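Student: Swiss-Prot lists 108, 111, 179 with the feature Zn(2+) binding site.
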């Protein structure tokens, strides 16, 4: 299936800036990927001395394969990039548009455990306006791949800048990393904040302060 124009533009912009997730060319169909993941997951679970003949575990390798391909890592495939509605700014709206408390769930690429948090996104319209739900869908798309929070924040910024044809975009993410909470240091209270600011949000202290102060 051919990629959408929006997907092609965003992918090219990320490659140009060195912000694309490290990925190899995709040579398998979704079903082929599921079959191969299922096979190797059986090997992993068997090495952990789990009895896959048990009713509770028998279908686990296939369930994991489907979850990886269709859900939590579906953002690795640009065929899944959301359908984007961008319209001309005929009304000349030039004030900040802000969407906050966007839920995000991603996966740490170092240990493949959960990153759970929220995003706040703002932009100042120039020529284009985007459907508000599309902002949430873009966050979700880039969250559904192995990630580091810093790159995820930048990817969402560049995607919106590319689609809206403006640099005036700001992204802030607050998240709990389960590689910190459930293993290693076992810190159950800390969270991580990242920001990516473009255009006037980066160059104008008042605009930057307005965005960051309202994001608390």
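Glycine too: its Cβ is placed from the backbone N, Cα and C atoms.
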Student: Using DSSP and three states only, what is residue 179 (Zn(2+) binding site)?
Tutor: helix
Student: Excluding 108, 111, 179, which residues of the same chain place their Cβ within 8 Å of the centroid of the Cβ atoms of the recorded Zn(2+) site?
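Tutor: The answer, listed by sequence position, is 107, 109, 110, 112, 113, 115, 177, 178, 180, 183.
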Student: DSSP secondary structure for residue 108 (Zn(2+) binding site), reduced to helix/strand/coil, please.
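Tutor: Looking at the DSSP assignment, residue 108 (Zn(2+) binding site) belongs to a strand.
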Student: Just jot down the residues in the same chain as residue 108 (Zn(2+) binding site), at least 6 apart in sequence, with C-beta under 8 A of its C-beta; none if empty.
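Tutor: Looking at Cβ-Cβ distances below 8 Å from residue 108 (Zn(2+) binding site), excluding near sequence neighbours, one finds 114, 115, 146, 147, 148, 177, 178, 179.
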Student: Across all the protein chains here, work out how many other Cβ atoms are within 10 Å of the Cβ of residue 111 (Zn(2+) binding site).
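Tutor: Looking across every protein chain shown, the total is 15.
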